[in-house]
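Taken from Swiss-Prot as is:
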BINDING   GLY155, GLY156, ALA157, GLY158, VAL159, GLY160, LYS161, THR162  ATP binding site
Amino acid sequence: MANKIGKIIQVMGPVVDVDFEDYLPAINEALEMELEVEDKKIRLVLEVAAHLGDNRVRTIAMDMTDGLVRGMEVKATGDSIKVPVGEEVLGRIFNVIGDTIDEGEPLQAKTYWSIHRSAPPFEEQSTKEEIFETGIKVVDLLAPYKKGGKTGLFGGAGVGKTVIIMELIHNVAYKHSGYSVFAGVGERTREGNDLYYEMKESNVLDKVALCYGQMNEPPGARNRIALTGLTMAEYFRDEMGLDVLMFIDNIFRYAQAGAEMSALLGRIPSAVGYQPTLASEMGRLQERITSTKKGSITSIQAVYVPADDLTDPAPASVFAHLDATTVLNRRIAEKGIYPAVDPLDSTSRMLDPNIVGEEHYKVARGVQAVLQKYKDLQDIIAILGMDELSEEDKLTVERARKIERFLSQPFFVAEVFTGAPGKYVTLEETIEGFKGLLEGKYDDIPEAAFYMVGNIDEALEKAEKLKAK
């Protein structure tokens, strides 16, 4: 039996070199040590990243390396980082090594899985093209999500990314009675904290597992936290045969942390200073997010675009993997239309008559055509006013304004601060409503009736009330 105890020979920030006498730990193997910080015992995990020769390894620390000195003992575990999986993880917050950090009861998990896993083989992958109904009108109609697909959620600060994420978690929990996993990758601690309490208030916490690797943590933790969350989601898919929703906020920070790790390990950087392995790292993560014949993982990934440059290598490496994009627009939020999804910028591979059907496709393209025409006419309206438009254009503008308002909808998770009860709208109801609007069935109804309602029947009810007033 080889001696699995090694000694620290060098510490460079989050990178630690360890020397073993007669044992060589494998790449990605977890090494453990106990540290005393302010009279508290802390389990520090180091992950092997490179072999330096002569039984020496270079490792990345999953926590702060304050207090480490040369000569300290490190124990090899003989395995990679393992995290708890199964229904026990729901409603709890985890760090990268699978320890709970919500100060709750000790975790009673029966099963632990390694965070480094292979993507499912080709023969197990499902090739069905199916829509994932979210209950959010603008998404289901114009840029539908693929079941087991990947969607990028693009938006600046304060346009409602987190609210959409919470609404999706709510709708999955109640309509599909499914589970969700949320991985906060390089998140602000405050946002993670807010999300936890908001979920608690809106009663969705017991259907979701939260994994946080915040901004203040070393790059190892910020990079690997995405794998921790994904492993929990994979268990629900493979062992329980469920359709899981996986949220990653923010996928850019995953690439960013990888770049930091790469530089610390002394690798030569590639374009814009990113790691030379950016595409393969991203591919390894994204290939695990897929549908199998047992279940599916549908992922929604928030994408931060540095300096609004879509050609930056990090966001560009994400684009290749996405099936749909949901773009949030501040101009729409300023009009008071929530969710502030841009109906003309958001795209989906699923919006194809062979997948969604002829009717859905025609209605969606019709809605986009009317909104595009309205956008083109806005300059004329701003300079000359509505009166200068032809009768046909006036009608287009009126319909477009109604469509714009009908694309808004009250959210369940926003009930607390809007006072309006949330609405889940099925795909059939969504198509029926917009089809009627395009055909001119509702031309005599005031546009105020379409604002913040669910299906078309509610808009007609609201119109009756407005008339009565």
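Just so it is clear, glycine is given a Cβ too, placed from its N, Cα and C backbone atoms.
Within the group of binding-site residues (GLY155, GLY156, GLY158), the Cβ with the highest number of other Cβ atoms inside 10 Å belongs to GLY155.
Cβ packing within 10 Å was compared across the binding-site residues ALA157, VAL159, and the lowest neighbour count falls to ALA157. A 10 Å cutoff on Cβ-Cβ distances gives GLY160 (ATP binding site) a total of 21 other Cβ atoms nearby, all chains included. A simple way to gauge crowding: the CB of LYS161 (ATP binding site) has 24 other CB atoms within 10 angstroms, across all the protein chains here. Counting every protein chain shown, the number of other Cβ atoms lying within 10 Å of the Cβ of THR162 (ATP binding site) is 19. Each of LEU328 belongs to the same chain as GLY155, GLY156, ALA157, GLY158, VAL159, GLY160, LYS161, THR162, is absent from that list, and has a C-beta within 8 angstroms of the C-beta centroid marking the ATP site.
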